[in-house]
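Right, one structure below, let's go through it.
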Amino acid sequence: MRLLERMRKEWFMIGIVLAIAGAKLEPSIGVNGGPLKPEITVSYIAVATIFFNSGLSLKTEELTSALVHIKLHLFIQIFTLAFFPAAVWLFLQLLSITPINEWLLKGLQTVGCMPPPVSSAVILTKAVGGNEAAAIFNSAFGSFLGIVVTPLLLLLFLGSSSSVPFTSIFSQLFMTVVVPLIIGQIVRRYIKDWLERKQPPFGAVSSSVLLMIIYTTFCDTFSNPSIDLDKFSLLLVLFIICSIQLSFMLLTFIFSTRNNSGFTPADTVAVMFCSTHKSLTLGIPMLKIVFAGHEYLSLISVPLLIYHPVQILLGSVLVPTIKSWMVSRQKGVKLMRPTV
């Protein structure tokens, strides 16, 4: 089993490289409006598939236990939708004295205001073996909160007079997250014995869907005319984004592993991914709505277009390291338990 798992991870990393290379060579295939129709296949079908897959594979009792883990949910949501945007704002006050394009800096602020994604955090948490139920709950709940909170944060930090169609965004979230998850749980109830006996490759399915999301994301990135900036600016933004992600992952790790935190190693994994990942699927539509007609909308969107693939790549690279830490910590906890 370990050999198969290792082979799957290696093929997944190869798949990431191939997906990015394919997007670079021919971005028109996976761009919005292209042959793959990612605005439908990714935004609806791929996301729905991920949550149906999670609903089908997740034991109901685990999801129920996740619902009552109030402290964990509060930590993730407060970090994501309060601490994250505030910390970025303070950091950008320092960067404002540099020659970096001011609209790229505003774009970095919009990244901080975004809700968690409805796919990557769940898949990466599951890949590590962390608290998948908590990741699912916080990804879904955070996205719903983001429908209201994110536009308000954008207005607070950047300002705009546009209104936001909460109903349409809420409907999309409900249909692509909540409904597939519930259907998966209902189907599981009827085929539970078969699932436990056959053990379908849920991980492989999720990984395949994630590769599709990576491919179409990079297609958008490579085909977007806004990316036609000087290389120095792009490299600087990329460096800042990587620094923010790694710093915040380290910060969430430190806070969630304190002796009095009350979190398990599996909880820490969910915290690290859910608290630091940001949604491109919800983010770009929100930016287009809140800043409709803004002449610098394309520049404002660049950091989010970069942040999304970077968070997937960094998360994928860190999966083996985080999993090794979690397994060793869990073994240590078991050894410390007194024997009766």
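Cβ coordinates come from backbone N, Cα and C, glycine included.
Copied from TrEMBL, the annotated features are:
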type	residues	note
TRANSMEM	41-58	transmembrane segment
TRANSMEM	70-92	transmembrane segment
TRANSMEM	135-158	transmembrane segment
TRANSMEM	170-191	transmembrane segment
TRANSMEM	203-222	transmembrane segment
TRANSMEM	234-255	transmembrane segment
TRANSMEM	296-319	transmembrane segment
Maximum Cβ pairs under 8 Å to the transmembrane segment (170-191) - stretch from the list 41-58, 135-158, 234-255: 41-58
For the transmembrane segment (70-92): best-contacting stretch of 41-58, 135-158, 296-319, by Cβ pairs under 8 Å: 135-158
Recorded stretch that, among 135-158, 203-222, 234-255, 296-319, has the most CB pairs under 8 Å to the transmembrane segment (41-58): 203-222
Best-contacting stretch, by C-beta pairs under 8 Å, relative to the transmembrane segment (203-222) and drawn from 135-158, 234-255, 296-319: 296-319
